[in-house]
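Visitor: Sharing the record's features from Swiss-Prot:
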- Arg208: active site (ACT_SITE)
- Glu237: active site (ACT_SITE)
- His254: active site, proton donor (ACT_SITE)
- Ser45, Thr66, Tyr258: substrate binding site (BINDING)
- Gln126, Val127, Asp146, Thr175, Ala206, Ser207, Arg208, Asp232, Gly257: NAD(+) binding site (BINDING)
Amino acid sequence: MRILADENIPVVDAFFADQGSIRRLPGRAIDRAALAEVDVLLVRSVTEVSRAALAGSPVRFVGTCTIGTDHLDLDYFAEAGIAWSSAPGCNARGVVDYVLGCLLAMAEVRGADLAERTYGVVGAGQVGGRLVEVLRGLGWKVLVCDPPRQAREPDGEFVSLERLLAEADVISLHTPLNRDGEHPTRHLLDEPRLAALRPGTWLVNASRGAVVDNQALRRLLEGGADLEVALDVWEGEPQADPELAARCLIATPHIAGYSLEGKLRGTAQIYQAYCAWRGIAERVSLQDVLPETWLAGLQLNPGCDPVWALATLCRAVYDPRSDDAAFRRSLTGDSATRRAAFDALRKHYPPRREITGLRVATGGRVELQRVVRALGAQLV
């Protein structure tokens, strides 16, 4: 097999070395010419895999190490008989960790009690569903809007987007980017909906940039709107709007899901799909390539404050403010310089682990055990 992989996909050799020759390119450089002699294509969300790129090529399998598939022309895949796989849920936990870090930062700036907020989660799939589980596990009030899932689960606890926007203090977006169809999500938060947000609302977008009208949001913030905003995704990536970023509390270069576990899990999942397509046995597993957790164990004093414990456990693993600082330093120079810096921050992103790898002792205190279990860490 002739395999072409995005150069930023990790451990490709570990999984695919015995399957043929492997060539690597920057994801944005993968085009029609690059696919002339390729059987298997492995990509991330930065590569548009379209009819124009694939027509006449020998590509027969496409794997994307991402949850979303809006960069894949699935209609053409079906027409051309091209097998494909995404990696659903691969980085979901990393995104949840990111959102928790943003909430902690917002609470610190606002002097707010996280337990007193009402959370609105828009999109309850792989990422949003896990976030809902964590927030409810902590005992917090959560409203969920997911029309496609509501249609499948009519007895589920769902609310309309209008009700969620009217009642939630915190809004976290986790929808795919659908430009048409029954439930389009492009500019789901458009200018009228953004303008109608309650004063003091916190908004987090770690889904796709165009789910929020970036220009409308910038105008709103420039006008002094009382909002706290965390954006990991941007319209026109890798060109992020520096004026919008300057008005966000947290601004990062599409790295919410960039945990080490998430990256390796994504490669493992497309390898599993590839083996199923080929009808061959899997020779490598995620556990073969995943290093030991970096924190062997944490001991909480049974008398500590549960809110402090929550913040400490989350920040022991990840604090998005470090990524925010690095991103802001990159938002200088001309547009070409900023685009290159955006991609460089993603390419050279430092390893980060997930909260689920923590092993935590609580001395038997029930309130602390609840925090540990809600976060998905291991209780010892």
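Heads up, the Cβ atoms here are built off N, Cα and C, so glycines get one too.
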Visitor: Identify all same-chain residues not among Ser45, Thr66, Tyr258 whose C-beta atom falls within 8 angstroms of the centroid of the substrate site's C-beta atoms; report them in sequence order.
Guide: Arg44, Cys65, Ile67, Gly68, Asn91, His254, Gly257, Gly266
Visitor: If I take the alpha carbons of Arg208 (active site) and His254 (active site, proton donor), what is the distance between them in whole Å?
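Guide: About 9 Å separate the Cα atoms of these two residues.
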Visitor: Which one is closest to Gly257 (NAD(+) binding site) in space, judged by CA to CA distance, out of the recorded positions Ser45, Thr66, Glu237?
Guide: Thr66
Visitor: Give the helix, strand or coil assignment DSSP yields for Gln126 (NAD(+) binding site).
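Guide: Going by the DSSP assignment, Gln126 (NAD(+) binding site) falls within a helical segment, counted as helix.
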Visitor: Sorted by position, what residues of the same chain at least six away from Tyr258 (substrate binding site) have a C-beta under 8 A from it?
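Guide: Counting only residues 6 or more apart in sequence, the Cβ neighbours of Tyr258 (substrate binding site) under 8 Å are Asn91, Gly94, Arg346, Tyr349, Arg352.
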Visitor: Around the Cβ of Glu237 (active site), how many other Cβ atoms lie within 10 Å? Please give the count over every shown protein chain.
Guide: 18
Visitor: Quick one: of the recorded positions Thr66, Gln126, Asp146, Glu237, which has its CA closest to the CA of His254 (active site, proton donor)?
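Guide: Closest recorded candidate to His254 (active site, proton donor) by Cα: Glu237.
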